[in-house]
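First comes the structure, then the notes that go with it.
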């Protein structure tokens, strides 16, 4: 659609008397005015000097209506561009935020290792030579040895501090240079924050002085030799882990004291006895003396945090110092602020305005030994030489208080010169072109690196970069376009991306505190893959990243398979956990631990006799085993119970207790009288078979056992049985039935 220009609409009247003017908005307005006054005007062109015609007023009204309809549609072009640009930014903003978050999470707990991928095989620098002598039993000893070396490595070394100087750039130079102070007093304290006890309101703090040094003030680093700098060593005994149960963290407190500029008579420069006014107020004099006299600056750095992690590695540090003023504020609630002319400075401006202390930190095995602590690596740079800088020492500075000082060794400088002189290896220039609605919206600056823009992964090869973008960032569509100096990658939004959940389905049904947690390897659902054919791997080619001719986007259909399949229990509808897959939970409804738990709970009852407890045990185990859950199943449950446990009931003389159990179930309308009759008849038949199978006359021991069982409380049911003489429906005397047993 071609852009429309304002005022480009214009005249064309009707017939040969049409005006020749070009008016656009002016013509429409004139037509409306003419129609309102007399109705003798043409439809257009009169705004630019057109002639009148004999058309009717209806034509003028139609032209006016058409002009009024066109006016609201036309908008300035800038508004369209800005609105379209906002939509473009919103479309790319959400996927970018998602991939940035995933990048940070994968750095902490990676799901997979990039070096194990086929298209990233060049990142795997390990060899398989040691696999011949590998033993599983040696893994534990290696890990323990490695941990022991790390702890002893970080604690058996001396902390050596070499102070370069104290820089105070805002300080005004003294007029009397002979009395100018060239050094300041530096006191280093080791602050130990101990664990808080119950009676303590806050964590107790211990300050251990480690020494004082005279540090040069504003030295010229070009004229000072490195060996002349003062140094201080902190013994490793101060960081012993034996007190780890008491000390929570260790930190260094730097306290710089700068004396005032005074003459030999003890007076401040420019101040004599004649200048002292006796009538001057004492507070004002003290304030002036404090401003021109001694000043104290402090700064604190953490050595070991509460997790025993070393925070200060080898390197050069520059610490921003804060002036400590006399104030009645409690030290527990005091906070430090850098003030300049009543305004708070940003963090990095304090290094150009406020006082700073520069020093070099090293961990050494002995006082004069070489460094043994791990060297701080420089920040990752986005250029092709980042690989050469991985093993070079650098400096790491904590945020807000320590500035980064970039140091390059002579070896690195010579290597850079060599690389610049040798242009045999051509660098690939990669730039990205972002498309929205099939139009180019933004194009990045050409870079000579192969880092992923979203997760900053160094792919090292163009094919690996494109493969990584396609597989790991599938919310976008990447098309490779050849460029003489490198490559152009067109990036567009994947409108067909399936954003449904494709992770572990167990996490959806877990408790909120345990869902999506990855503290270590977990058991997954066992699966079996059947490999019918494994074709030969295709050779890597850049043609697979070219834009398809038919315009169709290659989409991968997502489906739940393998470890992501989820099964449910049929009785409880709860998800089946992976560790339960090996046990057939549908058949085993009464595990051993549940049976023992049921028996133990029944044994704890105190308001029932032993006979009732035995019947309750047998009945509960019977119901658990067969899974009876409905009322209409109770009739069948009673008959099955008699078949399975009838002989045990007869041998233990539990017939009367079982009859009481049946009557109680009838009271709750769980079973019918017919079921009671069938159960009692079945039990009587089993009793007769047992009597025939055994001796006709029972022994004296069996008679005594039966009498004892009746005396132990089995006869307690007689009072209840007499109350149930007859049934309300059938009128059958229940007492006579029980007496037959």
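Placement of Cβ uses the backbone N, Cα and C atoms for every residue, glycine included.
Look at Swiss-Prot and you will find 707-717 tagged as compositional bias 'Polar residues'. The annotation SUMO cross-link is assigned in Swiss-Prot to 74, 75, 77 on the grounds of similarity to another entry. The SUMO2 cross-link annotation in Swiss-Prot covers 77, 225, 392. Positions annotated as phosphoserine by Swiss-Prot: 20, 543, 548, 585. Annotated region 'Disordered' per Swiss-Prot: 1-21, 689-741, in sequence order. The region 'Interaction with JARID2 and EPOP' annotation in Swiss-Prot covers 81-108. Annotation source Swiss-Prot lists region 'Interaction with AEBP2 and PHF19' at 148-365. What Swiss-Prot lists as region 'VEFS-box' is 565-641. Feature annotation from Swiss-Prot assigns zinc finger to 450-473.
Residue 543 (phosphoserine) falls within a helix when secondary structure is assigned with DSSP. DSSP assignment over the region 'VEFS-box' (565-641) gives 43 helix, 2 strand, 32 coil. Each residue in the zinc finger (450-473) has a pLDDT score, and their mean in this model is 90.
DSSP classifies residue 77 (SUMO2 cross-link) as helix under the three-state reduction.
There are 12 other CB atoms within 10 A of the CB of residue 77 (SUMO2 cross-link), with all protein chains counted.
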